[in-house]
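Single-structure report; data block below.
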Amino acid sequence: MSSQTLTVNPASAQKPSLESMLRGKFGQRAIQYLVLSAIAIICLYPMWWTLVVSLSTTGNVYEFPPPLLPKGASIDNYAEVFKTINVMTFFKNSLAITILTLIGTIVVSSLAAYPLARMRFPGRNLVFSAILATMILPSEVNFLVNFITVSKLHLTDSYLGVALPNIVTAVNIFIMKVAFEQVPGDLIDAARVDGASEMQIFWKIMMPLALPALGAITILTTVTAWNQYIWPAIVMQSPDNFPLSVGVLYLSGAFSFKTRVVAAGAILTILPILIVFIFTQRYFLRGFDGAVK
Amino acid sequence: MKRKSTSVQSTVQAYLFLAPALILLAVFSFWPVGYGTYLSFTKYNLISAPEWVGLDNYRELFDDELFLNSLKNSLLYLLCVPIIQVLSIALAVLVNNNLKGIKLFRAAYYVPVVTSVSVIGLMWNFMYNDEGILNSVLQALHMINEPIGFLSDDRIALFSVMFVTIWRGLGWYMVMYLAGLQAIPQDVYEAATLDGANGWQKFWKITVPLLMPTILLCSVLSTLAALKAFEEVQIMTQGGPSESTYTALFYAYQFGIKSLDFGRGLAASTIVALVCMALAWVNFRYLQPRQK
């Protein structure tokens, strides 16, 4: 904080009262920052506490007041996570599930969005309404039948079984449709005159121009696929196939008395996605512009 | 004749583009609704063929204290909806400001949204512990003598889980409202200022009405989210203590996936689906901005 703004010239006739200071522009700012910081602490404190505990090696875990920085900082707890559970396998599983879901989502939603945005055909409105209607029913309601379907298809305990039901979401198709609608019509007409097929138009004109939207669904899908918990927990039966989000609870179930180790496992689970978030946060924070309007 | 053939051809093409999405939707979104409803009238355990039992599953559900309690908890969970709405609108107004570093705050508020629910459940188990930070602070302030069993007291546990649901959703709704706020043209506010409106009047007469489409969307989405809440329960309390945190979908999961009683589980989730649709309808009916 700069001291200049706080200094009150003693020679001036009177000191501003606390009330008038709070009414002033400076005071308003100060209150705003105070409120903003208080909320930030509520949002971030659980993560910070977990990080501190995971890096500490001495003292009571639930010491009060809790230390703001780790005591006896070391990565011993992390080493123990690696010894206790197969972190690298879980990591590989998370990665495989995420990549599979991501590729499927990009391909399937952009293919579906193209005719909805740019072609006239009978049943177009019906198809679009049907896609939007899936937003009303929570996918959790479908879990039981989807579990039956996945077991009948012999996809339990497989990456594909986790990924398949998550590939089509109305939101992603919607985002791509809005992006395709914004491509100038002249461009497409010119390509058609030159004899380009629909597939060529889609691949050579639409996709490159929709890169920002593709970026947005890439990030959204990556985060969702990495973080999902209940569906992979249902589909995956052998612990060797668990993604990190499920594996970390396995750790906590088996070693609940080792709070520091569990905390380290939690940090390892969220670290990759937090790094992705830090570099791409503007995509999240811009809001779902298209979807809201 | 030629025109007709091209239009048939382009229709075929359109559906070829749509085919992968439609097939996946049919299998994983529409089939579950139909087949699930059918199975809810049967006894089915995944091994032997489904056996038609009519309304038996539903009758059993409504005779089952546990289910009635789960349904009550799911409806109680709807308390989250107005709380999330009010808090996230306030938060959006607060961060829709050109303060220095405001983007950092927005990002901070969004961190819980990108965190896996399993890790969030773990972290809040730490926070809610008898010796955890919440109890320690309350004790240090002499507000309580004994630690509160946030997750072990059957009168409180459900509310503790609901708090976590609110905590982890707030940033997401904030961003939705932020987008809504930023779409409101500034000159409307300037005109109102010239007419002598104060901040409060501007909020109620301009911001809220113009935000109505977003309020409708968020209230539908948070209603559905509240009704489908059960991952938090599964991770933090497993339905306990003494089954006080069962929600309707947790019940469906327990009977369906855990006990392989799909008929009973699907009857429970069919009821949740019906409640979802009814409440979505109520939202549209009462929050839709009146057309002039």
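Numbers run from 1 along the shown chain.
The backbone N, Cα and C atoms fix where each Cβ goes, glycine too.
TrEMBL: automatically predicted annotations, no manual curation.
Per TrEMBL, the features are:
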- A:91-280: domain 'ABC transmembrane type-1' (DOMAIN)
- A:30-48: transmembrane segment (TRANSMEM)
- A:95-114: transmembrane segment (TRANSMEM)
- A:126-148: transmembrane segment (TRANSMEM)
- A:160-180: transmembrane segment (TRANSMEM)
- A:201-226: transmembrane segment (TRANSMEM)
- A:261-279: transmembrane segment (TRANSMEM)
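A:160-180 is the stretch from A:30-48, A:160-180, A:201-226, A:261-279 with the greatest number of Cβ pairs below 8 Å to the transmembrane segment (A:95-114). Counting residues 6+ beyond its ends, the transmembrane segment (A:261-279) has Cβ neighbours under 8 Å at 47, 50-51, 53-54, 77-78, 80-81, 84-85, 87, 91, 94, 219, 222-223, 226-227, 244-245, 247-248, 251-252, 255 in the same chain. Among residues of the same chain six or more beyond the transmembrane segment (A:160-180), those with a C-beta under 8 A of the stretch's C-beta atoms are 97, 100-101, 104-105, 108-110, 112-114, 116-118, 131-132, 134-135, 139, 142, 146, 150, 153, 206, 209-210, 212-214, 216-217, 220-221, 224-225, 228, 231-232, 235-236, 243, 288, 290-291.
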